[in-house]
């Protein structure tokens with residue numbers, strides 16, 4: 001019987017101890033074996049008929065070769081082959097430090113047929129890619145057979161076989177690698193689908209580009225050009241990203257070269273320019289937002305420059321920094337603008353910016369988290385860019401449509417306002433006409449009364465009445481001009497004009513007011529000023545009228561000088577300097593020269609505003625200045641057209657004046673200088689004297705030098721008396737038998753006795769202001785006659801004018817009061833008057849009788865004055881009669897109407913109310929008739945016109 005010995009649990013056993021350790025080691029070994037078996041190799045990919053596209057990342061083993069030491073022979077040896085390990089996600093994100101990477105995968109074909117597969121490696125622009133099977137290198141699929149650049153390898157797998165493949169990839173820069181296995185059918189389907197999508201995007205972008213180009217040409221909108229360039233750059237980026245030109249680079253870094261980087265940053269710049277021009281910032285703070293835009297654009301331009309000279313890593317950082325920054329900036333600006341303006345267009349822009357920002361962020365995250373591959377990212381990016389381009393084009397087109405609609409509404413509104421303004425102008429013309437008609441009778445009666453014998457009190461009453469009437473007349477003129485120029489449709493006519501004649505005619509209208517105020521009005525037209533120019537005569541007359549009125553208002557002493565001279569560098573550019581001594585131009589008047597009439601309600605300032613607008617219409621400039629000698633000058637320029645016809649020299653036809661010795665006697669030195677310069681251009685030898693004694697001395701000295709004075713021009717207002725000086729020189733000359741041709745200068749309101757003028761040897765009386773045309777005509781006329789003829793009668797325009805004893809005048813006036821006043825005015829001038837009440841009666845009377853001149857009112861019943869004038873001119877042509885002067889009489893002071901009356905056949909346009917002196921002056925000019933008095937008289941001038 002066996003016995004069992006009892007042992008303590010703590011007693012050591014030499015047999016148990018080794019056996020326990022062996023069991024523990026076996027357990028740990030089995031555990032390590034279980035853990036290490038999956039890490040030895042990736043699973044084999046079994047091919048079946050249902051497999052079309054497979055990402056090989058989960059079936060690939062990887063071996064790092066940072067020093068690029070291994071070749072395919074060494075890789076296949078057991079020593080290195082056992083060092084492969086299953087790949088992870090980080091293994092496919094290459095960097096410059098990774099160097100060469102070896103990949104291994106195994107494919108098994110369990111079917112009974114050969115399986116043809118395509119291996120695709122992306123990106124295709126990796127520096128070094130080699131594919132091996134059974135130790136032999138496999139050539140890539142020929143890229144010439146592909147639409148765009150791809151890295152493909154053909155892999156045939158025999159039936160019931162298994163093959164192991166090796167792929168070597170090397171990249172000096174950081175990039176993400178994708179390895180996919182495709183069947184031929186699936187790859188072709190995938191490529192076809194991708195190309196169709198790309199073609200659709202290309203078509204959309206090309207259509208957008210063409211649409212924006214056409215819109216830019218049609219609408220002259222700069223933003224359409226920006227958008228067209230944006231579409232073009234997106235197309236370029238798509239071509240480069242997909243590899244249609246060069247290697248496929250993708251929309252995600254890294255990129256080869258700076259072309260794609262430059263295009264992406266250029267798109268950012270165009271986005272900023274588009275947003276700035278749209279604009280997407282509040283218009284109430286335009287001083288801050290444009291500066292932010294300019295800074296952002298400058299930063300993007302600097303980024304392009306840096307990317308051209310730096311490495312790819314720096315350029316990548318710039319692009320990934322600036323693109324989100326630009327998107328965020330546009331989002332913030334549009335959000336702020338919408339919160340301020342609540343504009344629907346800004347809301348749509350903000351919505352698209354928000355969508356772009358969110359989708360761009362999602363695409364970046366999905367790429368960097370390896371949730372999407374490169375083709376999907378490329379498609380997403382091009383879809384995002386195309387969608388943004390479509391939305392921006394739609395926004396731009398919508399904005400243009402809204403602006404066109406608003407412009408159409410504004411045009412309609414302006415047209416309505418234009419009709420209202422034209423109606424207002426017509427009403428004003430009618431009102432001024434109706435006011436001028438009784439005002440004409442009032443002024444005419446006061447002038448008739450002033451010629452009668454009155455007491456001192458009565459003369460004061462008449463003077464006050466005349467002054468008030470002139471003030472009312474001036475207010476009417478200013479009001480009508482201001483209303484006309486409050487309209488915006490003022491247009492200029494272009495026709496051939498004689499500028500010196502227009503200036504002379506304009507100054508002639510101020511002859512009487514200069515005479516009334518005893519103002520010396522001097523006109524200095526440079527001989528180089530072209531006579532034939534192209535411009536609007538009505539506007540030039542109107543402009544000269546306004547500036548001359550302002551000069552008379554500011555005048556206090558001395559004289560008024562108008563100087564006209566051409567530009568030395570630009571043909572047709574003519575300068576006008578109007579100087580006076582007196583009140584300076586006020587600040588309000590200077591401001592009125594630079595802004596429209598609607599900004600100031602002052603009548604005086606309105607005159608300056610109208611003048612400034614006329615100057616601007618004729619492409620000129622205006623300014624005022626004050627010289628040290630106290631003269632205030634209003635300077636302006638007019639750019640007039642130059643006709644193609646050659647202009648005749650200003651000295652043509654002045655051969656009779658060549659070498660003639662002329663003595664100008666006038667107390668005004670400026671006038672003497674101006675006259676001397678004018679006559680010198682005609683070849684005359686001009687001497688000047690400022691006093692009677694100096695004039696007598698010059699005449700006597702010239703006799704001693706055997707070079708006697710041939711023509712004498714004496715101012716009537718000379719100290720000591722111009723007529724007395726003429727008498728004195730005449731007496732001396734008769735003794736020497738060397739009597740010169742004597743002409744007298746006088747204001748229009750001065751009347752002379754015929755006999756005393758004849759005794760003093762005065763042949764003509766020339767009215768001030770004296771124009772160069774009138775002076776030249778008078779000098780030439782007198783030089784045609786023998787200087788020894790003493791019985792010639794002096795006259796302003798005709799040598800035989802004073803031989804007429806009386807004239808017969810036909811008056812057509814429907815207003816009985818005006819007709820009565822006009823009849824008495826003419827009767828006081830010794831003229832016989834026949835009065836009719838309308839144009840038809842005037843035509844009948846003219847056909848039955850003969851008249852020396854006709855005064856025709858414009859607005860009359862049955863037949864107006866313009867039509868009656870046309871019929872009279874037609875009758876004269878048919879009957880062969882001489883042309884009878886016809887004076888149009890109207891209360892319409894508009895220059896456009898004046899031209900229409902002259903075109904109807906009238907010779908002169910007289911505006912109501914007409915004064916007796918103006919009427920007498922017109923009759924003298926057109927008929928040569930001058931009413932004479934029995935005594936030499938210098939009547940008291942009426943009260944000056946209001947300042």
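Easy rule for this one: first residue shown is 1, then count along the chain.
Every residue, even glycine, has its Cβ placed from backbone N, Cα and C.
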Among ranges 106-129, 130-153, 154-177, 346-369, whichever one TrEMBL labels transmembrane segment
346-369
List, by number or range, the same-chain residues at least 6 past the transmembrane segment (257-279) whose CB is under 8 A from its CB atoms?
222-223, 226-227, 229-230, 233-234, 236-237, 240-241, 249, 289-290, 293, 296-297, 300-301, 303-304, 307-308, 315, 318-319, 322-323, 326, 330, 333-334, 337, 345, 349, 385, 392, 395-396, 399
Counting other Cβ atoms within 10 Å of each Cβ, which of the modified residues 715, 857 scores lowest?
715
Per DSSP (helix/strand/coil reduction), residue 857 (4-aspartylphosphate) sits in strand
Can you tell me how far the Cα of residue 857 (4-aspartylphosphate) sits from the Cα of residue 715 (4-aspartylphosphate), in Å?
37
Leading stretch by Cβ pairs under 8 Å, where the reference is the transmembrane segment (225-245) and the options are 199-218, 315-339, 346-369
199-218
Average model confidence [pLDDT] within the domain 'Histidine kinase' (430-642)
79
Counting only residues at least 6 beyond its ends, the same-chain positions whose CB falls under 8 A of a CB in the transmembrane segment (315-339) are 253-255, 258, 261, 264-265, 268, 271-272, 275, 279-282, 289, 292, 296, 299-300, 303, 306-307, 346-347, 349-350, 353-354, 356-357, 360-361
Who are the chain neighbours of the transmembrane segment (199-218) in space, where the CB to CB distance is under 8 Å and they lie at least 6 residues beyond its ends?
224-225, 227-228, 231-232, 234-235, 238, 382-383, 386, 389-390, 393, 396-397, 400
Could you tell me which three-state DSSP class residue 715 (4-aspartylphosphate) falls into?
strand
